[in-house]
Amino acid sequence: MLYSQSCMDKHQVVGVLRQMEKFLKGQEMRFTEGIRIMKSKLAALQNSVSKLPQADQSAAPTTCPSLEAPTHGRKFGSKYAVGHEVHFTCSQGYHLVGPGTRVCQDNGSWSGISAICKDVSECASNPCQNGGTCVEGVNQYKCTCPQNWSGSHCQHQTQTDVNECEVYRLDQGGKLCVHECVNVPGSYHCSCPSGYKLLPDGRSCEDVDECLSQQHNCSRGTTCINTGGGFQCVNPECPRSHGNISYVKTSPFQCERNPCPMDSRSCHLAPKTVSFHYLSLPSNLQTPATLFRMATAAAPGRTGPDSLRFGIVGGNSRSIFIMQRSDRQTGELILVQQLRGPQEISVDVDMSEYSDRTFQAKHVAKVHVLVSPYNF
């Protein structure tokens, strides 16, 4: 009995070992099949990725083709990257037909159409006096005067004595006087227009600063602004209140926006400051000429904006001015067309502040240009 029991235990052990062997073989087959499936899927994924188009084949153009200045005109701007602007102006005696500014667009083309410069008739304003005949020239005109009249506009009656003013002009090709030469029997003298004084050289004229010399009649609450040959009394007003937007005057030439409600987007987009500037210019000032600079400065202990944008937002319908950046923190208002006085022109420029490409604030400067009738 004892021997029989021992043989039965041995058979049971052999059976268990065989069952374990079958189990392990099944597990090995399933593991091998799993590895095969994973390799197949990885090969399919690599094949699909290799068929994707190269990134540089679909990249959008980053520049636009170069632009030329119009005939009888000038071009401002030499960068042709997307978002950059190129400005066009015409020489004296020509006016611009077409857009004064073109922008490089995302698709690699320029906005607008090509601009051209067309001739302006100098005789259209009838500059010749006392029956004189206007003759057109290249960017200029000449008056042919009738008998007994002389001068560039036939404004002087011929004298019986020697006219030193005309003799000097004909012989030397210039003028004895900066403003007007007055012939008198046996001599001459120079005169200046009202609001100017004759300098010790007897020829040149200098503007009288009525504001500095207290020769004005500006009332209290207004400020005297000196102009070529005169003055103006000004009292600029802040923009009118509307909705949640209102302003308070913090100085004679600046207004600041009152605090905005937290939920008013229109108020936050309105100019934070509005400043007023008055510039007196002589007639026919040589161009291009920088008239005004706009910059920002951070308060002590605070970081300033990391990006500024400058632009013209009003009053430049004749493309007389352009606004361009001179450095990272400064924009310049530049006169690109000569102005013949007397005339007054207003232009509004703005400066927008951004931090991390997010709009922070906008500042507007209202520039009023007063052009003298004279080129001195």
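Each position is counted from 1, following the chain as shown.
In case you wondered, yes, glycine gets a Cβ from its N, Cα and C as well.
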Legend entry - Recorded disulfide counterpart of C117 (TrEMBL; options C90, C143, C145): C90
Legend entry - Listed in sequence order, residues with CB under 8 A of C90 (disulfide bond) and six or more positions away: P70, H72, G73, R74, L96, C117, Q337
Inset, instruction - Name, in the order they occur in the sequence, the residues of the same chain whose CB lies under 8 A from the CB of C145 (disulfide bond) and which sit 6 or more residues away. - result: C128, N130, G131, G132, G151, C154
